[in-house]
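Notes follow the structure.
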Amino acid sequence: MTKYDGKGESRKFDPNFKGPIHNRGCTDILCCILFILALLGYFAVGIIAWSQGDPRKVIYPTDSRGQFCGQAGTPLEKKPLLFYFNILKCASPLVLLEFQCPTTQLCVESCPNRHLTLIKAKVGNKDDQEYYKKYCKEGVDFTGLSPPEILKDGLCPAMLMPSKAFTRRCLPALATLKGGVVVVGNETTFDDGNSGTVNASDVLEASKKSNIAVEARQVAMRIFEDYTHSWHWILLGLVIAMVVSLIFIVLLRFLAGIMVWIMIILVILVIGYGIFHCYMEFASLKGEPGADVTIRDLGLQTDFSVYLQIRQTWLAFMIILAIVEFIIILLLIFLRKRIMIAIALIKEASRAVGHVMSSLFYPLLTFALLAVVIAYWAITAVFLSTSNEQVYKVFNTSVCPFSRETCNPKTFNSSNASLVCPDAECLFAFYGGETLYHKYLILFQFYNVFLFFWCANFVTALGQVTLSGAFASYYWAFKKPEDIPAYPIFSSLGRALRYHTGSLAFGSLILSLVQVIRVLLEYLDHKLKGAQNKFAKFLLSCLKCCFWCLEKCIKFLNRNAYIMIAIYGKNFCTAARDAFFLLMRNIIRVAVLDKVTDFLLFLGKLLIVGIVGIFSFFFFSGRIKAVEQAAPSLNYYWVPILTVVVGSYLIAHGFFSVYAMCVDTLFLCFLEDLERNDGSQERPYFMSQDLLTLLKKSNEDYKSMD
């Protein structure tokens, strides 16, 4: 009987419905065309970026003439370091790393190691002159020109100061003595070469972020070193995670009910052991020197093992784990009845996965496609960011009609600007460009980010439609496995690509728009961190929260819409509407049963990560005596542990995502089954006997559940 209660019309019985419809047509054709055009545009942006960009700018520093320092096969091969004529013109080392310091830059063999001014070098001995010439432009007549002439033409720096190489760039050798006195090469002040003095603190102000950058570089190098020593053990840990996940999936196939309860108990025990271990570490540090220092007093340390030597760290870990344990136990107590139905759904999902074993390998295709999307985005982003050209401007001290106009340093001395303005110079200004391409470069970067989200969401949507179509074929087969069509994964993938590329593009487009807005909000939040306008910060936080919630809602609706597309072959809007009303008509079951199933599957992932994480912790920290000698010597043993934990979660998520999609598909089919059929001989239920028993229904007579 048809019902209508403002939540859509219930499904009518259709004797010809046997699962996913094969006689279907193309949907959302306009969006399909738009997606294809967007991809063609994306390829065009990539080709333009690859033709204009030069990743060598990331690898090699560039001098003021656009030459790469230290590049093999060039005249500058033996000059790998970049020297700045006037380091004080640079706002910070971060500007240097972005190749945008507005001063003459020169490739040199080594950095200056002593303080020397141009005037002192001119009146000094031959060794001083030869030493100073190494930091001047090529072909300078050092003995024939006077210091004012040299400085006027920008041929040499006014002074040299002790420097050290950092990321192939010569930065001042800053140091701090006792009492906070800043020095450069053991000097607090020195002659700037222009009848003035420069304080070392002024240099520190220009390079105040150097220490942070140096520390970050040291940490990065130590982490890289740890990876080189432990990569084979990390791979072994990930293989173990894959084996454990496969064993878990196979056991779920045959012992779903028992495995779920074992999983729940083991998760509680694993977290309980974590609480116990944190308490033992917390208690063992009692009375130890320095153990009572707080994390706030300790500040940011590059040696992260220091944090494990204070009691507050272990207390924080213990409190977090205790809260997680308490929440899990509470949920299990209050949802114990719903857990039984969820277990029945998982059992049914296990049977479905068992009959469609190829579904377990489909995530490999998704991972491969996502890897291609990420690689294309990253490579295009690098080429776009390095496609800027050096822009030279006319700089002058007197009035000049050509001031700040673009110039060419190679032809400037013979140009009209040089004749009209004798004191003008053609100097490097910034990296950019004034062509049409450079004016719209920021739009290309934005387009690259937007298409990255769109393509990544499309790949995910393709996987969801493919899996849901295969599992729907299983559910609507009355006699299992006899009525299950052959090669359900390949058939479902073919239907998705042939008929529903437009619908998948439509759903992923909506999600991508929200994600791009979230990225822009994060960018604005980063820019407003130093702002004092509290209302603007509050408004931005509200917008971030709202769009986060909106993204979660769209993902949920898209997922269920894709299931309806896989079954009925309708366009995206119709499928989303049907899925929404079907869920609204069964809102209690959706809110409890579906989420309980997701929670149980999450516990499964948590268990696999916990098992692999605990073993990797004991191994890399050298606490297993039997293999203590085999454990690599590391700077930070948490580096391989975190890598194994994150990798294990991704592997487990890949396998369990198949289960989650299967459960969601079976759940929607289950709701449709309840609306379409009544258990009579003419309209029998398609659900398993376990679900019929739990719902107190049968295929002989109809009894209302409510």
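Every residue gets a Cβ built from N, Cα and C, even glycine.
Unlike curated records, TrEMBL annotations are generated automatically.
Of the listed segments 83-101, 558-576, 634-652, TrEMBL assigns transmembrane segment to 634-652. Residues 17-20, 35, 38-39, 41-42, 45, 349, 351-352, 355-356, 359, 362-363, 365-366, 369-370, 373-374, 377, 484-485, 488-489, 491-493, 495-497, 500, 504-505, 507-509, 511-512, 515-516, 558-559, 562-563, 565-567, 658, 661-662, 664-666, 669-670, 673, 684, 686-687 of the same chain, all 6+ positions outside the transmembrane segment (451-478), place their C-beta atoms under 8 angstroms from a C-beta of that stretch. Pairs of Cβ atoms less than 8 Å apart link the transmembrane segment (258-276) most often to 314-335, out of 29-50, 231-251, 314-335, 634-652.
Counted over residue pairs 6 or more apart, the CB atoms of the transmembrane segment (599-622) and the transmembrane segment (29-50) come under 8 Å in fewer than three pairs, which marks the two as apart.
The highest tally of CB pairs under 8 A with the transmembrane segment (231-251), across 29-50, 314-335, 634-652, is held by 634-652.
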